Structure formats: structure tokens, C-alpha cells
Amino acid sequence: MSEANLTECELAYQLTYHPFYMIAQFWSFFVSLLAMPSLIFFMVEKVFKLPFHGNLKFLLVSYFIGTFLFASIICFTFGYHFFVPFFVTSNCDLIINATLFKYGHMIALIFMTIPMILPTAFTVERFVALKMAHSYEHVRTLLGPVLVLVVIAIDSMFLYDIYGQEKFDKPFINFILVPATSALQFNSFLWYMLYLKITNFICNLILLFIHKILHQSSRYRRKNVSLSVKYEMQEISQSSRFTLIVTFTHLLFFGWYVSTILLIRTVGPDFFRGFINYTVMRGVYCATPTYNLVIVFIGFKALNHLNFKRNNKVQSTIQIKSTGQEGAENYDNAISNYWDSVYTMNKSKL
């Protein structure tokens, strides 16, 4: 029987039991299963304890909670792909129930796309923090929650525009395969997301460059600049470097996924010598689930490194020299301050 004449049940059978497809489904399930406790541990040990401003901390907590929820839904959907074939009694049982597909597909997309857009909110918040460096430590946590709501609203609008008229009335074999009627719009959406992430990454680099210029300028090196402002500038630098690392890592994995899936759809079935192989390649979804686990290790390493540099910077900032001409001046100033305080205390007692 030619592939063009395959029924949906026969197609589901040949796709589901394809060795490469099964290995890919198991990999996505396995890394998602590992990612869930790893993300919880990372959030408890690191993210919830970050010394960053409340606005950025709220954004980062939201980002990693979204990543955890995405790993959870991927663990369920790909676990379904891998384990259900061992228990079915007919080929048609491999077809996913339309209602189950609708909710599984949409929930997976929501928690996949929100973390895609959230790094843009990191950049907006960081630019605001840099602009208000002299007073940002006193700003209450409001911008972060507002940006999260804006991101959710924008993401919901995009997805509604893509799936608003989708009936989900076709047989479905895989939770991540976009219905044919919505595929073109979804492809355009992925391109927009890729452009957005590249632009956001460039903005992060510009932010750090501006910060470096300001930090080296005489305005922030004067002695009359308060220690709190210097600390705030240092905090902006450290937190911006961390968000840059998160943004770049997400861009790397997401860019690989988007480039691969769009290339597969562009070359079509003929390149893969048949519709079955073509569908197998479309159903392979490893890059983004792998990111959910890898970001934990990168996050731990990045924060430990930044904290080490931060502690060294703080120690070098508050250290008082005790040798040479500067050490002698510091000693004289300390003695003078001590006797001035003693004189003031004795005078007040008289």
C-alpha cells in the first residue's frame, strides 16, 4: 500500500513505532521528568533567594515557574506518546482524543511561548533600573508584575489569532504537531519570536555596554556618590549579566528548534523520501525540553560565578588600606574620629 493511501490508523501505527521517533519521544519525556525536580530545587535554592530588586526577581520567578509548568506538560504529553503504544489493542487507539489533544496542545503552547517572550520583559526592567539607578532601590515591586501580565496578554492575543477559528476536528497523532489549518500562521509566529529573541539579545548587550560606560564615567566614580548607588550599579551589572546568560541560552535552544522545524517544513516529504519519515522528523521535539534541564545547570554555575565576583568586588570596595601613605592617612583619620567622639561624649556629660 502506498503512503498516499494510508488510513489515519495505519499512519499512526507506522509513525508511533518508528525507532527514531520512539527514541526521540522517550528522550523528551526523560529530560522533562528530570527537569521538574531540578527546576524546583534551583528555584528554592537560588531564584527565591536572589538579592536582585523585587521587579526583576518577580520576573525571574515567573519565568522559571513557567519553565517548570512547561516541563510538566511536556513530561505528560511525551510520556503519553511513548507509553500508550505498549497498551493499545488496535492501531486506531493510537489516535489522540480530540478533546485531549486540544487542551494538551494549547496548554503546551501557552507554557512554551510565555517563557519565550518573558526575557524581553527582563530587558525592559533592566533599562528602567539603569535609568533610575540613584533611586531604584526604593522603588516598590510593581513593574515586574505589570510586565508579566502584559506578556501573558500579548501571548494570549497571538495564540487566539492563530487558533481562534481552529475546530480541532482532524485525527491527531502527536501533541506538538500543529493542525494544518493553523500551520501557516504558527510558522509566521515562530519567525516573529525568533526575530524578537535576537533583537532582545542585542538589546541586552547594548544595556551592558551602556552600564560599563556609566560605571567608568567620572559621575559614578566621585567620592560624593553614595555607597548605596555604587552597590545598585553593581547589582544592575550582576543581574543583567545573569539575564543575558538566560536569554542567550534560550535563544540558542529555541533558535535551533525553530530553524530545524521550519527547514523540515520547507524541504517537505520528498527530501525525506516519504511522508512517514517527514512526519517522524516533524514529531521530533528535543531541543526545548532539553533546555528545561540544561538551564538549571547553567543557572547554578552562572549565579555561583557572579556571586563570587560580587563578593570579591564588595570586599575590595569596603577594604581600608593599612599600609603606605594612604594607610597612614586612614590611621590618622580613624584616631581623629575616635578622639572627636570621646570629646563630644565628655562635653555632653558636663
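Cβ from N, Cα, C; glycine included.
When ASN277, ASN346 are looked up in Swiss-Prot, the one carrying the note N-linked glycosylation site is ASN277; the rest have no such note there, which does not rule it out for them.
For the residues ASN97, ASN224, Swiss-Prot attaches the annotation N-linked glycosylation site to ASN97, which does not rule out the feature elsewhere.
The glycosylation sites in question are ASN97, ASN277, and the one with the fewest Cβ neighbours inside 10 Å is ASN97. Cβ atoms under 8 Å from those of the transmembrane segment (190-210) belong to residues 113, 116-117, 119-120, 122-123, 126-127, 130, 237, 240-241, 243-244, 247-248, 250-251, 254-255, 258-259, 261-262 of the same chain, restricted to positions at least 6 beyond its ends. By the Cβ criterion (distance under 8 Å, sequence gap of 6 or more), the transmembrane segment (104-124) is counted as touching the transmembrane segment (244-264), at least 3 such pairs being found.
Sequence-distant contacts of the topological domain 'Cytoplasmic' (125-141), counting only residues of its own chain at least 6 positions beyond either end whose CB sits under 8 Å from a CB of the stretch, comprise 53-59, 147, 203-204, 207, 210-211, 214, 228-229, 232-233, 236, 239-240, 243. Residues of the same chain lying 6 or more positions beyond the ends of the transmembrane segment (142-162) and with a Cβ under 8 Å from any Cβ of it are 54-59, 62, 106, 109-110, 113-114, 117-118, 120-121, 124-125, 128, 182, 185-186, 189.
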